[in-house]
Structures are given as C-alpha cells and as structure tokens.
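Undergrad: Structure provided below as structure tokens; questions to follow.
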Amino acid sequence: LPLLLEATLLRLTSGSHHPFYNGFYYNHIMNDKGKGQEKVVYFNGAKLVVETPKDPVYSSNGANVTLPCHYHYEPDLEAKRKIRIKWSKLRDDYTKEQDVLVAIGKTYMAFGDFRGRAHLRQASRREASLVVSDVRLQDDGKYRCEVIDGLEDESDVVDLQLQGIVFPYQPPRGQYRLNFHEAEQACQEQGAILATFNQLFQAWSEGLDWCNAGWLADGTVQYPIRLPRKPCGGLHLAPGIRSYGPRHRHLHRFDAFCFASPLRGEVFYLDGPDGMTLEEAKQSCQDAGAEIARVGQLCSAWKFLGLDRCDAGWLADGSVRYPITKPRANCGPAEPGVRSFGFPSKGRFGVFCYKER
C-alpha cells in the first residue's frame, strides 16, 4: 500500500500528465507555478456568466411571476452543453437556503411549497428563468439562480417583492404578549405573515410611525419612527427604524409587524338597527355568503381598494375597527388610517365581512 501511494503521488506531481478530466477539460488547471499568485480558471478558456435583473421583480398574492435568469460564456461556446440549473430562496435569518428547483435539460424537480407551482422557462437560448404560479406571501424575498457546468459554478440573485401593507398587531390580552412563534401565528390568523425588514422599511418610508416594538420575520425586534419623541428612543435621534436586534424567540415578548397583500375578494360592511354582538356579527357575514373579515383584509381593502367607512365594525379577532381614507370631522385623527377601538368585551357594532371573488 505505501508503494502504491508513492507511485500515485509521483504520477500526479509529474509534468507529463494530462489536465484533470471530469467530463470536460479545464485549461491551465494544473499549471500553478507556485508563485503564490491567485489564478482564475475558466472552462475551456471561457468564463461562465450568469445574469439576472438588478431591479426588483414585483408581484402580488395569487399572481404568476417570472424571475428572469440567463447565462452565457465569454468568449461564446457554440457546442450544446449538459447544464445543471438550481434555484434557491435566501432566508431572512441567514440560515440554510431553501431549495426551490433543480433541473438538468428538460427534467426538473421542485421542492417543498414550490412543488406544483414552480417550473423553468427556457424559451430562448441559455435561459434559466424561474416561473412561480399562485404566488404566496411567503414567496417574497431573494432568489439565487445557479448554473453549474462541470466544475464551473456561477450564480446571481433576483429580488422578488410583493405588493402589500405592513400593520402593527397586538393580541386581545394586551401589549408585548407575543413571543416570536406566537407572533407568527397571530399574523397568520389575520390573513398575513410576519413582515420582513425591507417591508417595514418601505412602510416607514410611506409614513408608518409606531412606537411599540414588534417581531419581524428574521427574529429581530424593531419599530418605525417618523416623528422622534421621548418615549420612542429620544427626542434627538433621527427618524428611522429603531432596533432591539435579535431577541430570544421563546422567552422575549413583543408585538408583531404583519404583512398582508392585495385581496382577491372584497370587504363590505353590514349593520343592524341596534348593532350586533360579535357572535351575531359572525352569523350575519355567513348569512351573506361571506366570513367575518380579518385585520389584514381590512387593512388591505383600506390601502388598495380605498375602503372608507366612518362606522366601527367587528373583525374576526374580536377587535372593533374602521378604515378612513378621507379624514373628516368625527372620524378620528387628521391622517388616513385604520382606526381601532381595541377589543371591547361589551357593545354592539356593525361588522366588516370578506367574500372571495
């Protein structure tokens, strides 16, 4: 065995051998002169280049979207090659990437939530674009398009951004009662998901100002301030996103920032002569062929459909709210927004219902 190892090493270190062959030849891969200089090794003397859009690709919940990706060689190679393509989704918390799809030629396999919704578009030469149908809120984020040719492996990133609205949420039992996992569940129950930092930043740039700290999808706790004030980080700090950084996902408790997308249905208001209890409100929506609306649905209808109603109504979580797009007397503050009466244990109100189109 020692003699065999010695013979193998001598053969590898001799200058008469051919370059390493792994289905393809790689020029100059064995020609390091030992001078400590870094070398870039190109396949057959050609560099593999992967290109994706630098600007974000925008979509919405329930739509179909294409994430463009193309590749080429410099200089060009005419011969057809057996290329492996891999798409993955980068996670907000920097943990392991989520596999989306892998393909060789016309054969591909999608994974997890993308199974049955993702496929490749190869309409043109050396195209590797990803098509995702029935887009979901969780699809928002950055995607890596990776092209593998033998030992050559290059990639680029596409940013998919969903249109939507960020809203702060706290449960009926009060402020700062949710750990991270409970915050995730609370947003889902309101027809939404935990917002990302980018979504919160966009909402802040559009005017969101909220002094209560809330969980984000990456496990950090932050809050957006447009008007600096003493209880919200101090008078002398500039406007911006205040951050508590990552918090313990089980032990620490805060509110949540949720993200909801435009609706595929409509929100409408119902009322009775003397208002309704919460249970009567739920029944009234059912009688109308609908369901009692969630907070995310009401916020989305306010932002994207211009819903304006100066009448308080029950929502599914037991809160009472109303949406105002045109501020006026006796309808709350001077700014547009979704007003809240909290979670009244008594009282009779109208109800906001939601019905799919």
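Every residue gets a Cβ built from N, Cα and C, even glycine.
Pasting the feature list from TrEMBL:
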type	residues	note
DOMAIN	47-158	domain 'Ig-like'
DOMAIN	165-260	domain 'Link'
DISULFID	C211-C232	disulfide bond
DOMAIN	266-355	domain 'Link'
DISULFID	C310-C331	disulfide bond
Undergrad: Compute the C-alpha separation of C310 (disulfide bond) from C211 (disulfide bond), stating it in Å without decimals.
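TA: Distance between the two Cα atoms comes out at 25 Å.
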Undergrad: Near C310 (disulfide bond), how many other Cβ atoms are within 10 Å of its Cβ?
TA: 15
Undergrad: I'd like the Cβ neighbour count for C331 (disulfide bond), meaning other Cβ atoms within 10 Å of its Cβ, all protein chains included.
TA: 15
Undergrad: Just jot down the residues in the same chain as C232 (disulfide bond), at least 6 apart in sequence, with C-beta under 8 A of its C-beta; none if empty.
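TA: In sequence order, the residues whose Cβ lies under 8 Å from that of C232 (disulfide bond) (at least 6 apart) are C211, Y223, I225, R242.
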Undergrad: Among all protein chains shown, how many Cβ atoms are found within 10 Å of the Cβ of C211 (disulfide bond), not counting that one?
TA: 14
Undergrad: State the mean pLDDT for the domain 'Link' (266-355).
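TA: PLDDT averaged over the stretch: 97.
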